[in-house]
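A.B. asks: I have a structure here, written as structure tokens, and I will follow up with some questions on it.
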């Protein structure tokens, strides 16, 4: 493949103003080439199917409370699609289906919608698909657009959520449920697909329960979305977007590793998205082999303090200096400090003090802190102290999310290295360089895996709605096999739920899937991390390829969880 | 291409410990696949050639001074390789050649070395290639490695400079020239290839002059390297690495654009590498169509102040808010503040004051500032004021490079928007999000263009040394044509030079190529920027592809400079 003059991107407007939706967009050559990328379907979706119900389901915890919260849905079985001689669904039925994107973007969302649309075209011709705009608020305000073939076309296999956009509103209050019901009635909806994370799927299930309790015909189906990878379970082996996002981050990390090795003088501290769970950080570590990786769940399990984490990093840096390596790459999950109890304690105390006390310049206010919290506060770098004191949300609370953990760690590592230098223990050089890889990964072009997986999730959701199912989450399994052999089912959302006590009431929640310390991905990492720490086993995965080598790769986490060797 | 289980990266050690060089490296599947990627050569390099000398050359400025500085080299013609029935070089000659990488990494450096090596294998069998380790210091300390076929193999088409690493030392003092001469004599060097930027190529020419003045046989050849794209001229149409780096940044910018459009609530301020010139920012703008792009050269030409730049951004943000867009993407060159004279003035004054005055907390010291500088200082956000006062280099100077320009602009824009809100002029919402894309781009896998271009540069450098040439820079031209038809020549380094007066002496310099405001790339940008500002013409180029669509693309800057339509 030799460089040559190729017609460039900015003169190839696929849609410019002529197609509704991505109005006035211009497409790059690669985006254009992806639009017509044909997606394989699991064979069960290519042929007539019927639904086989599994055994009655329970809940992830507190089944009695879940049963009370979902009297109409609790216990319903999972629904598996299996081949059938003749279609069990009526192909002359015309459905009215709504779809909504909820929460942060994840690559592949557009393909879920394409999948639903194509199912309706293929199996229930004459059906209508409405896209609610701007997330759940679109349902409540009945703000929607009819999704046609032309409308959807330019978004096929494309990143982003801009076809109908997303939002973070929730349908929570009785008034909001009433609004949602009005929309369902007004549009005569047979079904609604909610594409979102754990909260959004919980919300989907509440909506399904509500509609059923009102004897509404509107069925509700969930879809597992989040780049963080923390919405998954046995039946739902992956949330979409994780594969693409991790590969984008891994490309950048791999480049930074080659840079570190070439210059030999920087420690790159890379913060990665993932506030609640450290799946992204773990996956990126498995793909790239950094010298140090901090996994929040491990920090929590070992009850480590910030000082412990700092010492762990500094110990490795010193050992590496002895080996002649004054460089390295360190991965940190964005949610790290949420995993450290002493930090949570400090923040709670600060919130209390800031709400009620005058913060004097002399520092008298610090006497209100417990001894442990004061010690931690004084251990923090000045810039972080300032940030904790100054940047607060509208409720006056300290904004943990604003803390740049990677910069904080660099400063703490610098201080500790300086201490050791004065003790004569450390003779190395240290230059920290901070990075945050976040937004770059949420809206990339979906990998072949995410494109195909999402299409099957959407197509399957259509099939389940058509079969009269509600309160399920679209589940595509057997992902280690060829697409042909993937299974398609719906899992009872109530089966994923537990309750949490909030304001004296039980609230249903789908528990976030955390990194399991006895799971295959973490165990693989744990068995390698000492080797990676001192030897430089960097791997640079390079940019995502859509054809040729690596274009068929699947992320390590999924493969390891499925028992495959990687 | 369907997702399937593919053998994953971490079990495919190409070199693990068995091949010298990238000792104990493990390769990703994509890296491995790139190693054997066959590179086309310009046809003139595939066949017997002879050298045709051009007319006598002059200098870029002050030819009389350049003539005095380079008495042995000044005026020498450029050397063009042309096909010849029989090779004009002696294939039985065995050469001893050294190569060195100088300065910051740029994708493709390893391919220059591969090109030199392959030339010697193909045309002067039995020759030896030495790689000086760690940059010019390796020459002075005679620290080198013999580059063999096995040694080079795993680095073919790979990013980074880690084959022999690089360094930023210069060969400047008489003592250092003596050391370099000793190395050349000790290794009996017939030639030396210096792969570097403007300074390194100037240094290469001084070395060529020195060797010739000492009647040493060692010839010296330069090679144009820098991701910043600021080493180029008519004869040297591009510096390598620019193509790859810009495409990596453009991938990230494109993703952030889709994110901005999907969420509808962030202004992403993206700082890009390029301290001296804004080529990278301009190229990324041409590839992605951001709403606002600041080009340093334009700011300088229009003698804009920081306030002007802020107002320009705020004006567009307000207009966009009226259109309902509370989001956008803004590109900023890393060197922006170097282009603003008032900032330079302020920094000069601060350096002076900080060196001689006590900086009192009450701020009495500020009275030493000129009125204009005081005004600017007070206009700067607090965090930037602190940075200017606190972070200083070992000479006590303010560290301009440490200023996070994108964060500074976000704060200034926030303040100005607040002012306008209070005047009732602005009713939009503004949330700034900062990014710096730098290290991620310097060490990526070279694009097909950079891989091929570098290979030709190296192969050509070998041919020129073999032909007895010195003091030239390897020049590959006609780049808009198929590789087959690319031209190969050497350009007299003295022809690129001018002088600068430093410490009362004339110093030769290769002037950095700045963004030309009447050049085709800037004119194209200027004709589009108003359109991009208010309409969202975002293009997301996606990840670099090595096969299939876009794998043959060349950057817009080069194409436009060559007169092509893009």
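Using the three backbone atoms N, Cα and C, a Cβ is placed for every residue, glycine included.
According to TrEMBL:
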- B:228: active site, proton acceptor (ACT_SITE)
- B:104: diphosphate binding site (BINDING)
- B:198: Mg(2+) binding site (BINDING)
- B:226, B:227, B:228, B:265, B:266, B:273, B:274, B:275, B:334, B:439, B:440, B:441, B:442: substrate binding site (BINDING)
- B:96-459: domain 'Phosphofructokinase' (DOMAIN)
- B:199: site 'Important for catalytic activity and substrate specificity' (SITE)
- B:225: site 'Important for catalytic activity' (SITE)
A.B. asks: Would you find the one among the recorded positions B:225, B:442 whose Cβ has the most company, meaning other Cβ atoms within 10 Å?
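C.D. replies: Answer returned by the neighbour count: B:225.
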A.B. asks: If you count the C-beta atoms lying within 10 Å of each candidate's C-beta, which of the recorded positions B:198, B:199, B:228, B:334, B:440 ends up with the smallest number?
C.D. replies: B:199
A.B. asks: Quick one: of the recorded positions B:104, B:199, B:266, which has its CA closest to the CA of residue B:228 (active site, proton acceptor)?
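C.D. replies: Looking at Cα distances from residue B:228 (active site, proton acceptor), the smallest one goes to B:104.
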A.B. asks: Could you tell me which of the binding-site residues B:226, B:334, B:440, B:442 sit with their CB under 8 A from some CB of chain A, listed in sequence order (or 'none')?
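C.D. replies: Listed binding-site residues passing the 8 Å Cβ cut to A: B:440, B:442.
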A.B. asks: Spatially, which candidate from the binding-site residues B:104, B:266, B:274, B:334, B:442 is nearest to residue B:199 (site 'Important for catalytic activity and substrate specificity'), comparing Cα atoms?
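C.D. replies: Considering only the listed binding-site residues, the nearest one is B:104.
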A.B. asks: If the substrate binders are B:226, B:227, B:228, B:265, B:266, B:273, B:274, B:275, B:334, B:439, B:440, B:441, B:442 per the record, what's the largest distance between their Cα atoms, in Å?
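C.D. replies: That value is 36 Å for the farthest Cα pair.
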A.B. asks: May I ask for the distance between residue B:266 (substrate binding site) and residue B:104 (diphosphate binding site), taken between their Cα atoms and rounded to an integer number of Å?
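C.D. replies: Each residue's Cα considered, residue B:266 (substrate binding site) and residue B:104 (diphosphate binding site) end up 33 Å apart.
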A.B. asks: Relative to the Cβ position of residue B:226 (substrate binding site), how many further Cβ atoms are located within 10 Å?
C.D. replies: 29
A.B. asks: Using Cα coordinates, what distance in whole Å links residue B:334 (substrate binding site) and residue B:225 (site 'Important for catalytic activity')?
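C.D. replies: Residue B:225 (site 'Important for catalytic activity') has its Cα 19 Å from the Cα of residue B:334 (substrate binding site).
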A.B. asks: With an 8 Å cut-off on Cβ-Cβ distance and a minimum sequence separation of at least 6, pull the same-chain contacts of residue B:274 (substrate binding site), or say none.
C.D. replies: B:228, B:229, B:230, B:280, B:281, B:333, B:334, B:335
A.B. asks: In this predicted model, what is the average pLDDT of the domain 'Phosphofructokinase' (B:96-459)?
C.D. replies: 94
A.B. asks: Fill in the CA-CA distance, residue B:440 (substrate binding site) to residue B:104 (diphosphate binding site), as an integer in Å.
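C.D. replies: That comes out at 13 Å between the alpha carbons.
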A.B. asks: In terms of DSSP three-state secondary structure, what is the assignment for residue B:225 (site 'Important for catalytic activity')?
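C.D. replies: Residue B:225 (site 'Important for catalytic activity') sits in a strand per DSSP.
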